[in-house]
Amino acid sequence: MTKYIFVTGGVVSSLGKGIVAASLGRLLKNRGLNVTIQKFDPYINVDPGTMNPYQHGEVFVTDDGTETDLDLGHYERFIDNNLNKYSNVTTGKIYSEVLEKERHGDYLGATVQVIPHITGMIKEKIMRAGKTLGADFVITEIGGTVGDIESQPFLEAIRQMKAEVGDENVVYIHTTLVPYLHAAHEMKTKPTQHSVRELRSIGIQPNILVVRTEAPITDDMRKKIALFCDVDPSAVVESMDVPTIYSIPLRLQDQGLDQIVLDHFGVQAPKADMTAWAQMVDHMQHLSRTIKIALVGKYVALHDAYISVAEALQHAGYPVDANIDLQMIDAEKITDDNVQDVLGSADGIIVPGGFGDRGIEGMITAIKYAREQDVPFLGICLGMQVASIEFARDVLGYADANSTEMNPDTSHKIIDLMADQADVHEMGGTQRLGLYPCKLKAGSRAAAAYDNQEMIQERHRHRYEFNNQYRDEMTAKGLVFSGTSPDDHLVEVIELPEKKFFVAAQYHPEFLSRPNRPEGLFRDFVAAASREVKD
């Protein structure tokens, strides 16, 4: 029988529910158990694909092409499993599917209601997540905060799950806050008590409380929380701020979180061997060097807009014993006059993905600087397209070279709309999304990054592509097209082999990076940047 673990949050948002879910997933996986994780987001958007990065942060893409919440990136990095479309579900998705079934007559004329139809669809998504990925344990994070009107259908659905599959197959974990009042020099448990009372009022009694704190909670405080919230004192687990999120599984294991969960389920499993993970975390906290990487982007005011890029860079720093000092540079503020001042101290330059024409000229200036000054450079998605435009302008001499996304009337369409996108008018879920094969050129930097494999699989999110009319001309000037689709039609990777490192990919390599297994392009880019550090 599949076991279900539900993670809710109270008091305030951003308590780290996703990291708690991911950490528990890691602990259970290291016990030899099959685990998957999913998140329910209570907003009306069908998916986050069309949402403003400043509001939502990064859009994470799964193998099957689903545009998801950034928490799925954390899930994949922690449990090292690739997730799918059942791993992120929104209110909008649930309602759209229910309404579609109603239009098809599937409900046989019944009055369609939140209960049972919406809650039934939610439960179906929960169960299907485990079935499609062959998981024995499904960890489900409920987005938002208990008490929010938007979350009520999800909370009602997970309440019903206990009756449907049995108490012995369901665990409720509630994350909450124990704030420290500096003026009074005192920690307060009342917000946690009220949050649990709110959860209990809708029929959910948490089995475990994970309390976010600035300082350790005392035994007396633990007993007080347990008494008022009707849980065992051992099930009050503290989650303090830590230097790296990857240490949280170790902190939770020390407090027996995974064992408490398994005891409730009556499941016997070997203790999680976290030796390799602990060694990795120890290494992360004792890095001897610092590498300065300039990220030139459009959404730099919000770090979460590039969270997977930032994580992939940190992962790539570990093999060279280096911490990454990531300098977020607003592309709009880069000009020919100040580029040296802005980027002169960087050991490497990265231009990540994005959409629209804002900041494009600054990105072109930054890439020109990297190419001419031989600063290690990595371009991703839009970064690859802009690198192609820069080469056309400054090497081929086509001053007005551009992408038709930025300038439909350009006479040199270096980047153009993909043929199968010409008749697409919907914005959401219509790009080239998900895992696609990429053929690598033998002897190239790209091939070396992937251990000289001939074919790799990478995740994409774009609707524009390189215009093959310019391929021969650029090749003659030294640009190498080192990665293409298997039929050689779509350009996937470009590089300048004579440079220390100048590689750009149409796909998103950051989505497949892991803390214990850095992604190849990021690894080699950071290694090249490490050789630029002035010790």
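Count begins at 1; order follows the chain as displayed.
Including glycine, each Cβ sits where the backbone N, Cα and C put it.
The annotation region 'Amidoligase domain' is assigned in Swiss-Prot to 1-267. Annotation comment: Swiss-Prot describes Ser13, Lys188, Thr189, Lys190, Pro191, Thr192, Gln193, Lys224 as UTP binding site, evidence class sequence analysis. If you look up Swiss-Prot, you'll see Ser13, Asp148, Ile149, Glu150, Lys188, Thr189, Lys190, Pro191, Thr192, Gln193, Lys224 marked as CTP binding site, on the strength of sequence analysis. Sequence annotations record features per position, and here Swiss-Prot assigns ATP binding site to Ser14, Leu15, Gly16, Lys17, Gly18, Ile19, Asp71 based on sequence analysis. The annotation L-glutamine binding site is assigned in Swiss-Prot to Tyr54, Gly354, Leu382, Gly383, Met384, Gln385, Glu405, Arg463. Residues or ranges marked as Mg(2+) binding site by Swiss-Prot on the basis of sequence analysis: Asp71, Glu141. Here Swiss-Prot flags 292-535 as domain 'Glutamine amidotransferase type-1', drawing on sequence analysis. Summarising the annotation, Swiss-Prot assigns active site, nucleophile to Cys381 and lists sequence analysis as the type of evidence. Swiss-Prot lists His508, Glu510 with the feature active site, giving sequence analysis as the kind of evidence.
Considering only the binding-site residues Leu15, Gly16, Ile19, Gly354, Glu405, no residue lies within 10 A of Gln193 (UTP binding site) on a C-alpha to C-alpha basis.
In this view, His508 (active site) is surrounded by 24 other Cβ atoms within 10 Å of its Cβ, with every protein chain counted.
DSSP assigns Lys190 (UTP binding site) to a helical segment in the three-state reduction.
Put simply, His508 is the one of the recorded positions Cys381, Glu405, His508 whose Cα lies nearest to the Cα of Ser14 (ATP binding site). Within 10 Å (C-alpha to C-alpha) of Lys17 (ATP binding site) lie the following binding-site residues from Glu141, Thr189, Gly383, Glu405: Glu141.
Of all Cβ atoms in the protein chains displayed, 16 besides its own lie within 10 Å of the Cβ of Gln193 (UTP binding site).
Counting only same-chain residues six or more apart in sequence, the Cβ atoms lying under 8 angstroms from the Cβ of Lys224 (UTP binding site) belong to Thr189.
In this view, the densest Cβ surroundings among the binding-site residues Lys17, Lys188, Lys190, Arg463 belong to Lys17, judged by other Cβ atoms lying within 10 Å.
Leu382 (L-glutamine binding site) has His508 as its nearest neighbour among the recorded positions Gly16, Glu141, Ile149, Thr192, His508, going by CA to CA distance. The least crowded of the recorded positions Asp71, Glu141, Glu405, Glu510, judged by other CB atoms within 10 A of its own CB, is Glu405. Gly354 (L-glutamine binding site) sits 19 Å from Asp71 (ATP binding site), taking the C-alpha atoms as the reference points.
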